[in-house]
Amino acid sequence: MSATASEPAGRFRIRWSARLRLTLLYGTLFFVSGATLLAVTYLLVLQSPASKGTKITTMNASRNPAVQEISAQISYVADRQREEAQRTLLTRSGIALGVMTGVSGGLGWLVAGRVLRPVRVMTERARRISAHNLHERLAMPGPADDELKNLGDTFDGLLARLDAAFDAQRRFVANASHELRTPLTLQRTVIEVALSKPDPDVKTLRAVCERALAVGEDQERLIEALLTLASSQSGVFRTDPLDLAEVVTDVLDNLAPTRPEDVTLDVGLTAAEAEGNASLVERLVTNLVGNAQRYTPHGGWIRITTGLQDGAPTVRVVNSGPVVPREAIPSLYQPFQRLGHRSARADGHGLGLSIVAAIASAHRARIVTEQGPEGGLDITVAFPRTRAGLHGVAVP
């Protein structure tokens with residue numbers, strides 16, 4: 001039993017590398033081509049006119065028995081010479097074919113190594129790249145239409161995206177740590193100030209407790225936002241049919257106590273059936289509306305509509321406000337990113353639109369963000385089409 005178990009371990013196994021496979025391919029092609037050429041040459045020799053000359057001579061020979069005997073001997077010798085010549089030709093051609101096949105195999109091995117050299121270079125460079133040096137690139141030389149250069153450029157593009165993702169992750173961790181540390185520091189400072197007083201009265205202690213509770217609530221909102229961002233980015237959740245108009249209605253009811261009284265709200269809701277996770281889609285709409293309420297100035301307006309846009313269920317939120325530079329719009333969807341003038345009245349953490357982008361991406365929804373007609377933002381979130389959503393009403 002032990003001998004049987006050890007037999008596979010000691011058996012020689014061929015490593016079918018790409019270089020070996022290419023070498024075998026080159027050798028096989030040469031062998032097939034050479035064998036075909038040899039067969040054609042041999043058939044041409046068999047059909048040569050030299051073999052017919054003796055027969056013609058024999059047919060035109062005299063009827064003298066002596067002459068016939070001599071002719072028969074000549075014909076026999078000629079046939080034997082022809083057969084020997086054919087056999088020699090076949091043998092020597094076969095030997096030459098075998099030798100040339102071996103030579104072509106060796107040349108094929110060298111050619112395959114030359115062809116695969118860029119692949120080895122890419123492999124060695126890729127092995128040196130890790131999370132700490134993602135900025136390095138393969139930078140393969142060659143013409144633009146070269147297949148191996150295109151492969152190297154594609155890998156460089158992947159490295160660039162990974163580098164950007166790792167950099168964004170590092171910034172996110174640093175910003176999250178800062179955002180979590182700030183309320184803790186504030187809470188500790190408030191308590192230390194209260195304890196530094198020799199005889200704090202009840203009013204002072206109550207104010208300290210209220211401030212500590214407010215800081216704790218701010219921490220809870222931040223942690224809840226981070227958890228929502230993580231859960232939406234995971235992409236693992238249950239989806240059900242839902243109506244975006246009903247979701248917006250529920251969100252507006254929930255946010256009614258926080259809505260500024262001097263901000264005009266224009267709502268135009270029509271049926272828009274979509275597929276998604278109800279809680280995440282509600283969070284998406286909540287963040288859109290909350291973001292509009294937070295950054296709309298006094299006397300401004302907010303317009304919210306739902307419906308179909310090119311057959312896709314859509315929710316659109318437009319608000320007035322300060323003009324947002326077009327080049328700064330993409331940064332608003334990065335975690336903890338806030339523009340200077342936008343953070344003046346804001347008490348958020350810069351995660352609202354980041355969560356919107358993550359939830360939209362998890363639902364394969366498309367976000368279109370433009371400058372508003374009177375400043376502010378014009379944000380449209382279009383969900384994938386559904387069979388039920390085809391019966392909605394188009395968004396104006």
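Easy rule for this one: first residue shown is 1, then count along the chain.
Glycine is treated like the rest: Cβ placed from N, Cα and C.
Note that the coordinates shown come from a computational prediction; the quantities given were computed from them, not determined experimentally.
What TrEMBL lists as transmembrane segment is 20-45 (among others).
Taken from TrEMBL, the feature transmembrane segment covers 95-116 (among others). Sequence-remote contacts of a segment are chain residues at least 6 beyond its ends whose Cβ falls under 8 Å from one of its Cβ atoms, and for the transmembrane segment (95-116) they are 18-19, 22-27, 30-31, 34-35, 38.
Annotation source TrEMBL lists domain 'HAMP' at 113-167. Looking just at the domain 'HAMP' (113-167), the mean pLDDT is 83.
The domain 'Histidine kinase' annotation in TrEMBL covers 175-387.
In terms of DSSP secondary structure, the domain 'HAMP' (113-167) contains 37 helix, 0 strand, 18 coil.
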